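K.L.:
Annotation comment: Swiss-Prot describes E60 as thiamine diphosphate binding site, evidence class similarity to another entry. Summarising the annotation, Swiss-Prot assigns K(+) binding site to I113, A161, I162, N166 and lists similarity to another entry as the type of evidence.
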Amino acid sequence: MAEVLLFEALRQGLQEEMDRDPRVMVMGEDVGHYGGSYKVTKGFAERYGDLRLLDTPIAENSFTGMAIGAAMTGLRPVVEGMNMGFLLLAFNQIANNAGMLHYTSGGNFTIPIVIRGPGGVGRQLGAEHSQRLESYFQSVPGLQMVACSTPYNAKGLIKSAIRSDNPIILFEHVLLYNLKEDLAEEEYLVCLEKAEVVRPGNDITILTYSRMRHNVLQATKSLVYKGYDPEIIDIVSLKPFDLGTIGASVCKTHKVLIVEECMRTGGIGATLRAAIMEHFFDYLDAPILCLSSQDVPTPYSSPLEELTVIQPNQIIQVVEQLCEN
């Protein structure tokens, strides 16, 4: 066992897959000799050379399209978006090419591409660098989406994503890169379609992912002290949802709270709430509540920035409200 930071876990997983499979390559802005904006690819330029680690111009549409073409012709590219907000510049390539080409080619092409990078509200990164784009890509047919929240699942997810023949977006949160965890030296994978039951409980199901997992766990300390027994599930897979794990919890607790950093209007929480209502309505004893970020651009001011995202005290209040009714 060795203590590893989340960005180091991503690096380990990526390195293991590049060592295992010579078809795996990385491209993006500053991923080469600089080592990536958050040092996930540090040392890779010397280890793998310029053919497998490609520094690109600042042109997301161009290098994302190039990566999709590389995937169509047999490579397994990993694209690093320096910031998830910049992927809007490549939305056409991701939506109309990566997501659809397997279908529109009649199955003649697979697109084994991984698109990864940091997003979410950081510390005064400003509106354009604090984007949460999960729901933008959720509606694209053919894409899979996962979100890491710990060093353990970050490493396992990136390895599984690289081995998949589907186009996958791996969402990483900018504030979690320095999160520490002891990881075993043995190889492991994390299922791309499976939610994680972080804490079993009986009173209420709390569904969350990414950074909000840690806000929920912080709130849970106070909730347990007050006598509540929440079940916490990190949904991990943002598309498709693991309705088996989620449904089993809903049928047990009969109450659901969704906690996300995505925007309230059209966010992941809204889609997840609709899915639960469709499949498990008869098991609910109360309305599903969803705590989401405010529908505003993220302010630069630190106090205002904090007000736009969900805090542990808000989670405590809503759990008490649901459990007392």
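Numbers here mean position along the shown chain, with the first residue as 1.
Glycine is no exception: its Cβ is also placed from the backbone N, Cα and C atoms.
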K.L.:
Are there any residues in the same chain, six or more apart in sequence, whose C-beta is under 8 angstroms from the C-beta of A161 (K(+) binding site), and if so which?
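P.N.:
Same-chain residues close to A161 (K(+) binding site) (Cβ under 8 Å, separated by 6 or more) are V114, R116, V146, I168, L170, L192.
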K.L.:
Any idea which of the binding-site residues I113, I162 has the thinnest Cβ neighbourhood at 10 Å?
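P.N.:
The binding-site residues I113, I162 were compared, and I162 has the fewest Cβ atoms within 10 Å.
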K.L.:
Note the Cβ centroid of I113, A161, I162, N166, the recorded K(+) site, then list each other residue of that chain whose Cβ lies within 8 Å of it, in sequence.
P.N.:
R76, V78, P112, V114, Q144, R163, S164, D165, P167, I168
K.L.:
Secondary structure at the residue listed as 'thiamine diphosphate binding site' (DSSP, helix/strand/coil)?
P.N.:
helix
K.L.:
Taking the Cβ of N166 (K(+) binding site) as reference, which residues of that chain separated by at least 6 in sequence fall under 8 Å from it?
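P.N.:
Looking at Cβ-Cβ distances below 8 Å from N166 (K(+) binding site), excluding near sequence neighbours, one finds H102, T110, I111, P112, G142, L143, Q144.
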K.L.:
In the three-state scheme derived from DSSP, which category covers A161 (K(+) binding site)?
P.N.:
helix
K.L.:
Using Cβ-Cβ distances, find the residues under 8 Å from E60 (thiamine diphosphate binding site) that belong to the same chain and are at least 6 apart in sequence, listing them in sequence order.
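P.N.:
Residues satisfying the criterion: G81, F86, L87, L89, A90.
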K.L.:
Under a three-state reading of DSSP, tell me whether N166 (K(+) binding site) is helix, strand or coil.
P.N.:
coil
